[in-house]
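In what follows, a single structure is set out as structure tokens and then discussed.
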Amino acid sequence: MSLHKYKRYIDEGDLVAVYLGRDSIKPMIVTKDESHVNKFGTFPHNDWIGKEYGSKVVSSRGTFIYLLHPTPELWTLILPHRTQILYIADISFISAYLDLKPGTRMIESGTGSGSFSHSIARTIAPTGHLFSFEFHERRAEIARQEFKDHGLDHLITLNHRDVCRDGFDLSDTVNAVFLDLPAPWEAVASAKKAFKQHRTGKICTFSPCMEQVMRTVTALNEHQFVDITMFECLIRNYEVQPIKKLTVQDAINSIRSMDAKRRDPQANAEAKAKRRRNEFDETDKETDVDDTAEMIVSRTRTEMKGHTSYLTFATFLPVEAVQAPASE
Ligand code: SAM
């Protein structure tokens, strides 16, 4: 079952992202004569075989689920967690900032649960390559098997290796490097060698603490990386709300009315009491705005949550640019 290509019909043995609700999507392998049982009812897998991905299937109790085609975005939401993982907000920002595109050859370490790897494989396909490094043996084995099962093994090479101790053992090969490691600064020297030496390249490190960022920046400076920039990725929720559209005259009337009320607190209190009784006086009518004149706006909350990490980016310069004598 490939996460890289789109398949129209569900076959036995395929992976399905079963959508039970907004916050509940589960990965399932379609297995003949098995059933998925949940609080909504029983859903026999046999009913799924031959259906189109995206179909709605209904249980005997009339409840329903959707059978979605797994994509890297969905996989990030449903994958079995073996480590902390990267989510789409960070992955998309990193991909854009590292200039990842079809044909890019890049390094990532560590592989972890393979969340980042799945998205990147699709971004760099069909001609690019991801060299992924993981020092935890079991995690490396599981990720290697998953990449194979998901039809990504021609795009990803998984290496079981401690990159801080033994480096990447690659030279003059990649355009980009992404490090999600506890001590990324220990891998900077080896990453430098792995870049295509006669082209510019980009590196990104993902670290939760400022102390890690500072040590990484020191290493990047020592190895002559340039344009070192750090971002904090935060989640900002937008709320879509209808608001009343005001004409200039509406606004003037409203200000006048507020002004009048401020000057006459007694009248203001009476007006409020009237409004509570659902009565209207002429002033209210005057400032009343046509309810049909609404527009939809999106507003953000001022408080932002969702700090995952600091993302530090830097540029690798071609060797000739670094070694060139200073111009007179
Ligand atoms: N980015 C991954 C994802 O989205 O699923 C998660 C990476 S996880 C947070 C960090 C991984 O780095 C762990 O699996 C850990 O075993 C691995 N790791 C830590 N130090 C390492 C090293 N020196 N060499 C290779 N892998 C290492």
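The chain as shown is numbered from 1 upward.
Including glycine, each Cβ sits where the backbone N, Cα and C put it.
What you are looking at is a predicted structure, and each value in this text was computed from that prediction instead of being measured.
Copied over from TrEMBL:
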BINDING   GLU134, ASP162, ASP180  S-adenosyl-L-methionine binding site
REGION    259-291  region 'Disordered'
COMPBIAS  281-291  compositional bias 'Acidic residues'
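Other C-beta atoms found within 10 angstroms of the C-beta of ASP162 (S-adenosyl-L-methionine binding site) number 15, with every protein chain shown included. Counting other Cβ atoms within 10 Å of each Cβ, the lowest count among the binding-site residues GLU134, ASP180 belongs to ASP180. Shown in sequence order, SER109, GLY110, THR111, GLY112, PHE133, PHE135, HIS136, ARG161, VAL163, LEU181 are the same-chain residues outside GLU134, ASP162, ASP180 whose Cβ sits within 8 Å of the Cβ centre of the S-adenosyl-L-methionine site. Reduced to three states, the DSSP call for GLU134 (S-adenosyl-L-methionine binding site) is strand.
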